[in-house]
Structure formats: C-alpha cells, structure tokens
Amino acid sequence: MRQFKGQPFGTKIVLAAQYVFPILQWLPQYSLKLFKSDIISGITIASLSIPQGISYAKLAGLPPSFGLYSSFVPPLVYAVLGSSKDLAIGPAAITSLVLRSMLTQGVSATSQPQLFLQLAFTSTLFAGVFQAALGILRLGFIIDFLSKAILVGFMAGVAVIVSLQQLKSLLGITHFTKKMTIVDVLSSVFSNIHEWSWQTIVMGAGFLILLLLARQFSLKKPKYFWVSAGAPLLSVITSTAILFAIRGKHPAILVIGKLPEGVNPPSVKMLYFEATHLGLAIKTGIIVGILSLTESIAVGRTFAAIRKYKVDGNKEMIAIGLMNVIGSTTSCFASTGSFSRTAVNHNAGAKTAMSNIVMSVAVLVTLLFLMPLLHYTPHVVLGAIIVTAVIGFVDIPAAYRIWKIDKFDFVVMLTAFFGVIFISVEYGLALAVGLSILRILLQITRPKTVMLGNIPGTRLYRDLHHYNQATRIPGFLILSIEAPINFANITYLQQRTLRWIEEEEESMKDNSVFRFVILEMSAVSNIDTSGVSLFQELKSALETKHIKA
C-alpha cells in the first residue's frame, strides 16, 4: 500500500485501478512500434497454441474444440489482469494430464462424456477460486512446498506417463487402458498388438522425428526459435492434407472428425455441484490449481528476471484464478502459462501482454472459419506433438545437480518420479510432498548442534568438523545451537548436550580439567516458554557434575 501514501484521492483511484487491472499501466503508453513486435510474437505463439490446444484437449480426455476454446478466452482475461509481459496462456500438458487422471477415478471420459465434461469445468472453477483465494489472502507460500526436487521428479514422471499414453495414437490402438500407471499402459500396448496399424506407425514415426529434429535445431540455435514453434502447425497442415487426399483409402489412420464452428458456448449451466462427485471436483481443482500456479509463476519470474522487471506473485495468483473462474463459465478447462509457449513468445520479441490478445484473435479466426479444415487431422500427429512437448520435462542435468548437492532431495525427487509412474499422479506428488514435510519436521525437532574451536591467532570460533585449523580450548566445551529453541526440540537438545558432555568426560583422563560448558546461541532466533526450561534442567544436571555453564 506504499504507493497510495500521501496521494490525492483521484490519484489513489487511478493507482487502485492500475493495481487491479495492470493493462491500464501500459496501454496508455502503447505505441505502434510495440504493436509490431507483439503482433509478430502473437501470431507465432498462435501457430504453436492451436495444434497444442487440440492435442492437450485430447490429453485431458475432452473434445478437441475445447482446447481451442481454452486458448481463446483465458489469454484475453490474463492480458487485462496479469502482470507478466512474456507469459503465454493456454492449456498445458501437466494440468491436462492431472485433470484427466484424477477425474477418471470417478467418471469415464468415454462412457460418460457429458458428466466428465461437466466435472472438468467444475474442477476448473474450483482451481480458479482456490488460486484467487491464495492471492487475495497472500498465502502464496503454500505452493513453495513443491520444491525444486519435487518438481523435477514429478515433471519427469508426467513426461514418461504422457509419452506412454500417446502410444495409443502412435500405434493406432483403439482399445486402450484408462489407467495411468506404466505397468497398465505397457500391458495394454502389448496385449493389443493385433490392433497396431503399420500406416499409423509410419506416419507417427515420420512426424515425431520431424518435430524432434525441429526442437533440437531450435535448442542449438535459439535465433531459429520459429522452426520448433512452427513445426507443430506445419505437421498438422501436412498430415491433414495427406489424409484429405487419401480419404477413405486408409481407414486405419484415425482422424479427429468434424469440429463445431463458432466461439465458446456458455457453460455456467454445466457446472456440477451435486454431492455425488463434488468432492472429486474439489480435490482435482485444488491439485490442478497448485500445479498450474507453480508452473505459471516460476515461468513468469524466470522471464521477468531476464528482462529486468518484477512480477507480483500474489497478483499473478489472482489473475490466473479469475482467468480460470471465467474460463469455467465459457467452456474452458484449466489454463496456465507454459514454459514452451512463453519461451517462444519471449524469443519472438513480445513486449507486452498484447501478444496474448493477438494470439486469441488468431484462435478466434480459427474457431469461426477454419474448423472444417481440421476434420482430417490424424490423432497420430497430435500424439507426436504431445510427446515432443513433454520430452523437455525430463531434466537430467537438474537431477544430477540435486544428487551432488543434497542426497535427501534426490530421494524426494525419485519418490515423486516413481510414485507418478507406478502409483498415480496425485499420490506420487503427495508422497514427495509428505517426505519433504517430514524432512522439515526432522530439522525442527533435530536441530543442528556443533562443537566449536578457536581459529589460532584470531577471536573466531568455528565448527571443528568444518575447519581443520580450529583447536579446542582446554577445560571448555563450546557448543553452538543453530535453530530456534521450542517445545518440539527441547528434549533432543537436552539429550544431545548431555551426550556431548559425557563424551567429553570419557575422553579426558582428569575430569577436574573439564570445568565449563558454553552454549553459543547467536543463530537462535527464538526461545519459547518450554525452551526456557531447557536451560534450567541443563544447569541442574551440570551442577551435579560440578561443571559451570
């Protein structure tokens, strides 16, 4: 609220409006030069968002048109409410997979498509409400429980599961498991070998290689970012043209079929609040909301740091939350800012959030006039696009760094990874978060205590295990407590301190030399009432040993 201090009432109104609607900060100074950059970047990310939107709708178990709906309304809302200049909004692989995997626990996307669609919208609504509430109440620290180690393992596990799920499309299998674990998916793949289609495999392999080569080329030469950005759209156009030319001759290659034309239909009446599946929708919304916030804010801050501007995390939560609330009433499923689209948007030269508006206009043109052209788009190409998009989630260098820095974090990462691929997406995430919280509890209840020694020629005292040159002071035991002292750790601290003293006594032949215990507590930021009793009990125990503290 510092910006409002000492300002006239009229200025406060303007500042309040700019705070709520960040578009009012940059739109008055917007110029044709900026628009030229934004229109190029907007069209560029539209060429990526259109095929990805269709693919991610398929990944979420929804009709393809809903992927385009979710690439139209949410970016418009974010352009008005969001504070990032680079973030490109739309469906994402992780949120799409989690949405489908959690909802299919209670509803089938194939046998109950209408109910599944209703629950997808309802989950998106709850995700948005949860996200906005976190921002309004300034509770963004909750998403910090998803540590770097958790995210690396979780995203790698998601990449594996998503890629294996696409074997249905890449091999032309019609009867496929609805389960998400690696065992069930591979069992389904090899138990349906008789359904494999060589035409589908050839087409899928060809386009997958093309997309991977385009991605690798752009990674090695970032100035050619448009190669990987345009490859998915080129693949859709080429494959659709091929299937249109040979329509009816190779029925084994499945196509998405007729898509409805027109803008997003309202979906307020489709929101589902009956008790039967309400709990499932709420649970799904919360998990999806946390994951989409984590990805969006991390991506937004990364590119904001590159361009040296700030992104307000709480404002972003409110913007993304309201975006999903509005999206749930306009036939959109959960949307967020993905890294791949944002990287393309940044490299294409986006200057403001206007690039999201340009992208939405391009999607609108597609919805109004180009939907019939997508009739012969093959599922196999959409599967190849999804695999190419998620393969970057496997970050081996990051996993190696985690191993080198912290072995426990590496275990947390493996827990998330194997939990996702062998149990389920949500349980894998929950196990990893639980393990991280357990570590925090252990650090609270088992605070670090070290023995200090003097650095010769100085008045500095340092950990004897870390500084070889540090030496003991005869007759003194100097211990450092490096954590707040409270009811949760006083028992451990008392036992640990007495054990230090016993070990010191045993190591000395003449106990009379050991006279003093000094507790160095410069790192102790707080002591509660229970902590005070620790010193009283230690003093009594030391007095019986004729040791001063």
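Glycine residues also receive a Cβ, built from the backbone N, Cα and C atoms like all the rest.
Just so you know, TrEMBL annotations never went through curation; they're auto-generated.
Annotated features, as they stand in TrEMBL:
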type     : residues : note
DOMAIN   : 466-549  : domain 'STAS'
TRANSMEM : 115-137  : transmembrane segment
TRANSMEM : 149-167  : transmembrane segment
TRANSMEM : 196-213  : transmembrane segment
TRANSMEM : 225-246  : transmembrane segment
TRANSMEM : 280-306  : transmembrane segment
TRANSMEM : 318-337  : transmembrane segment
TRANSMEM : 357-374  : transmembrane segment
TRANSMEM : 381-403  : transmembrane segment
TRANSMEM : 415-442  : transmembrane segment
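Across the domain 'STAS' (466-549), the DSSP tally of helix, strand and coil residues reads 37 helix, 15 strand, 32 coil. When each of the listed stretches 115-137, 149-167, 280-306, 318-337, 357-374 is scored by C-beta pairs under 8 angstroms to the transmembrane segment (225-246), 357-374 comes out highest. Relative to the transmembrane segment (318-337), the listed stretch 115-137 leads the set 115-137, 280-306, 357-374, 415-442 in CB pairs under 8 A. For the transmembrane segment (280-306), the most Cβ-contacting stretch among 115-137, 149-167, 357-374, 415-442 is 115-137 (pairs under 8 Å).
Beyond the transmembrane segment (357-374), the same-chain residues lying 6 or more positions past its ends with a Cβ under 8 Å from any Cβ of the stretch are 38-39, 41-43, 45-46, 49-50, 53-54, 64-65, 68-69, 71-73, 75-76, 79, 88, 236, 240, 256, 258-264. Here the domain 'STAS' (466-549) returns a mean pLDDT of 84 for the predicted model.
Using a Cβ-Cβ cut-off under 8 Å and counting only residues 6 or more beyond its ends in the same chain, the transmembrane segment (115-137) has close neighbours at 60-63, 66, 99, 102-104, 106-109, 143, 267, 270-273, 277-278, 280-282, 284-286, 288-290, 292-293, 313-329, 331-334.
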